[in-house]
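K.L.:
Pasting in a structure now, in structure tokens, and then I'll have a few things to ask.
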């Protein structure tokens, strides 16, 4: 009798572990209900506009046009998305992460300095990319792209999630709502209080 109970308990634990693993797999992070097949049309699989340059007249000099499941319903459950990245001369896509997707970037025009940092011990992998070069940024790792040229740059990126998400590090740390207690940031970054206050003001949402 006890052997039978142990077997079913073990089976239940394995089933739970399997369901938890699926819950953390980016392919299962959908957040969208499937459309009634009778209501689906070709437009659900179509997006137009990636030929149009994004507006890079901002503080960092870059723009990301993301085509995810919110903009292209046909991506639902497929685990992929696409982005166009425009850079002004010396424009930067600041250090950020995609918590639910790996990014594969290809440079179309210009020269980009790119890189990502691993988890502890925080090793930097970096490369200068030219037209036609490809670089991969593994899921969840902090990465960046910086236009080191004197002309505009263009890149496209594929992501392994229909909704990869993005966390821009400086904005998250210094621009959260409500703000993180300055004492936490002073100790974490070994900064003076006035510097922390300045950064929180600079990154505060408009």
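Keep in mind that glycine also has a Cβ here, set from the backbone N, Cα and C atoms.
Just lifted these from TrEMBL, have a look:
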SIGNAL    1-23  signal peptide
DOMAIN    48-197  domain 'Cupin type-1'
BINDING   93, 98, 103  oxalate binding site
BINDING   96, 98, 103, 143  Mn(2+) binding site
K.L.:
List nothing but the one residue from 96, 98, 103 whose Cβ has the fewest other Cβ atoms within 10 Å; the candidates are the binding-site residues.
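P.N.:
Per-residue Cβ counts within 10 Å for the binding-site residues 96, 98, 103 bottom out at 96.
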K.L.:
Could you tell me which of these binding-site residues, 93, 143, has the fewest other Cβ atoms within 10 Å of its Cβ?
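P.N.:
Ranked by other Cβ atoms within 10 Å, the binding-site residues 93, 143 bottom out at 143.
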K.L.:
Could you state the whole-number distance in Å separating the C-alpha atoms of residue 93 (oxalate binding site) and residue 143 (Mn(2+) binding site)?
P.N.:
9
K.L.:
Can you grab the distance from residue 143 (Mn(2+) binding site) over to residue 103 (oxalate binding site)? Cα atoms, rounded to a whole Å.
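P.N.:
Here the two Cα atoms lie 10 Å apart.
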K.L.:
Using DSSP, tally how many residues of the domain 'Cupin type-1' (48-197) sit in helix, strand and coil.
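P.N.:
Secondary-structure breakdown of the domain 'Cupin type-1' (48-197): 22 helix, 57 strand, 71 coil.
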K.L.:
Across the domain 'Cupin type-1' (48-197), what is the average pLDDT of the model, as a whole number?
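P.N.:
Averaged over the domain 'Cupin type-1' (48-197), the predicted model reaches a pLDDT of 97.
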K.L.:
Name them in sequence order: residues not among 96, 98, 103, 143 whose Cβ is within 8 Å of the mean position of the Cβ atoms defining the Mn(2+) site.
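P.N.:
So the additional residues around the site are 97, 116, 137, 141, 142, 164, 166.
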